[in-house]
Ligand code: NCD
């Protein structure tokens, strides 16, 4: 049984095939590839975009979706994760999509299930469909020529599962990554690092990926205030001027902390395109895992 827990679960060629399929799904027409199939979503952590994106993707393929309400589920009555998994499995869904605040939970669930498990984000560990949709957005923009393109990943990289999945995936497609963050947000990594976001970096990049400060994962307040952080790392027009580049962000955006209001409206900000691409990518992922397993 194949699952999608990290981006390493798919080979490069499979990802290119997924992109071809996702491109077709961008027409947003309903399909019936997953008619008669049922997909369960179980999100133990807040989500607006990812949850609704998976649900839209599943429905656009004709599947039925069971959205498990975690606040009302038996986990809040003390049921173990293993028992929750066994009970879900007994209902024979065709796929399960899970998000959890603890790293490793989707992997544990996958070992107990008889259907594909898709990781919708686990702790700081991994968010494979987000990285796939980010890469798809880059891939589409540069017409498949990702080799040697320069990307700055800016923000709370250490605590971001989006960053770790992107670092894992983007290098496979030849992107040249520089991590830009203050020391306390910088992970241990052999990649090029910069502790300042300066004009020279901007001059030499093709892509900026801005990330949200993951305050919910900080044990104590690290920056004096988010405003101080914004002074040094917010993507604003003064910084990017008219440089030819594209700007990505997985959302939710903290306006004027991650990205200024002005830049949010800029044509180079592809944030809503990422959301649109996300549905198409998730359609391709669900179709592949359910029909090819
Ligand atoms: C991200 C997440 O939840 O990991 N958001 C998302 O899935 N679109 C990033 C974040 O919360 O900052």
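Cβ coordinates are placed from backbone N, Cα and C, and glycine is handled just like the others.
According to DSSP, residue 50 (carbamoyl phosphate binding site) sits within a helical segment. Around the Cβ of residue 50 (carbamoyl phosphate binding site), the same chain contributes 43, 99, 120, 121, 127, 129, 130, 278, each under 8 angstroms and 6 or more positions distant in sequence. The carbamoyl phosphate binding site annotation in TrEMBL covers 49, 50, 99, 127, 130, 251, 252.
What TrEMBL lists as L-aspartate binding site is 77, 161, 212. In three-state terms derived from DSSP, residue 161 (L-aspartate binding site) belongs to a helical segment. When Cβ atoms from all protein chains are considered, those within 10 Å of residue 161 (L-aspartate binding site) total 24, not counting its own.
Annotation source TrEMBL lists domain 'Aspartate/ornithine carbamoyltransferase carbamoyl-P binding' at 2-140.
For the domain 'Aspartate/ornithine carbamoyltransferase Asp/Orn-binding' (147-287), the DSSP-based tally of helix, strand and coil residues reads 57 helix, 24 strand, 60 coil. The domain 'Aspartate/ornithine carbamoyltransferase Asp/Orn-binding' annotation in TrEMBL covers 147-287.
In this structure, the binding-site residues that sit close to ligand 1, with a C-beta under 6 angstroms from any of its atoms, are 251, chosen from 77, 99, 251. Taking each of the binding-site residues 77, 127, 212 in turn and counting other Cβ atoms within 10 Å of its Cβ gives the largest count for 127. Cβ environment of residue 49 (carbamoyl phosphate binding site): 250, 251, 252, 275, 278 lie under 8 Å away, each six or more residues apart in the same chain. For residue 130 (carbamoyl phosphate binding site), the count of additional Cβ atoms within 10 Å of its Cβ stands at 28 [all protein chains shown].
Here the domain 'Aspartate/ornithine carbamoyltransferase carbamoyl-P binding' (2-140) has, by DSSP, the following mix of helix, strand and coil residues: 67 helix, 25 strand, 47 coil.
Each residue in 47, 48, 53, 120, 121, 162, 250 lies on the same chain as 49, 50, 99, 127, 130, 251, 252 and has a C-beta within 8 Å of the C-beta centroid of that carbamoyl phosphate site, without being one of the site residues.
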